[in-house]
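**Student:** Before anything else, here's the structure in question.
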Amino acid sequence: MEGTRGHILQLMVMGVLLGTAFPGYRAVQTPDYDDTSTPEILNPSWMAIIPDVYSLSDVTMPGTHNTMALYGGSLSECNSWSLAFQLRAGIRFLDIRVRHAKGNLTIHHGISYQYAHFGEVLMDVVAFLREYPSETVLMRLKEELSNTQDIYGAVVRYINEYAHWDLLWHSREMPSMGEARGKLIVLQDFTGPDLGILYNTLDIADDWKVSSLQPEEVEKKWRSVSTHLEAATVGNKKRMFLTYSSGASILAHPNALAWLINPRLYEYLTGFVGQSKRFGIVAMDFPGAKLVQTIIGFNY
């Protein structure tokens, strides 16, 4: 397995150098990393057995960084599962980036258009929550590429057109699990009147700048991740913790870094299986289904 992982990493590194997928590279599905189109395991209703009285900040949940970044080459792509598949695999935190132009909200990762608009994201969430009303979805929403600093009006218009106003949790306060069921909780990373919980009130570790795939740089990133996960286990249970295991640079594309970080994350978390731990939200690039399942398991 180590030899196989090394060979795959070599192909990924060649992709970094070429700025595209390297010929001979095929999609991979392991317990901790998945860049195929279909998750190995589905967990569509895992929140159903969490007691209603639990604060949502006390729930450990898997998420994806740059959730909709499926296109644009290896420097832009952060996931390979569609949003519908991510939700059914158990992902409950979404990181959504919108470009604002002439009132339209299109999905971008940097300059890379992701062939979707915010309304399509909302429709997927609405359909999922209608089918699985025991669940809730958290969505960090921010402006990307454009710099209007004025997306509130467009966001409200999209919600009214593609979802409905009562879908949202209309409070800055942290809901209980019972209050959150069937709701989209906006983690508001933009200016304007309140639409949900303010993103910057979370305790966040997002050290995304990883200069290269050299061992010392990967180790530095891993220390940031593990230190914040440890802090989440003993931190204020009324405050939501969010740890990004993702990172990138010209010399460390998201897939290659995830290939190195995700196994360490999986090994770290499996060391606590069977223990009662609160890790908060763990936001990843290209997570494997068993890694997702392991994160979910800390709630039981």
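Each Cβ is built from the backbone N, Cα and C atoms, and glycine gets one as well.
Curation plays no part in TrEMBL annotations; they are all automatic predictions.
Look at TrEMBL and you will find 52-189 tagged as domain 'Phosphatidylinositol-specific phospholipase C X'. Annotation source TrEMBL lists signal peptide at 1-27.
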**Student:** Express the predicted model's confidence over the domain 'Phosphatidylinositol-specific phospholipase C X' (52-189) as a mean pLDDT, rounded to an integer.
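**Tutor:** Here the mean pLDDT over the domain 'Phosphatidylinositol-specific phospholipase C X' (52-189) amounts to 98.
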**Student:** Using DSSP, break the domain 'Phosphatidylinositol-specific phospholipase C X' (52-189) down into helix, strand and coil residues and give each count.
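**Tutor:** Here the numbers are 42 helix, 40 strand, 56 coil.
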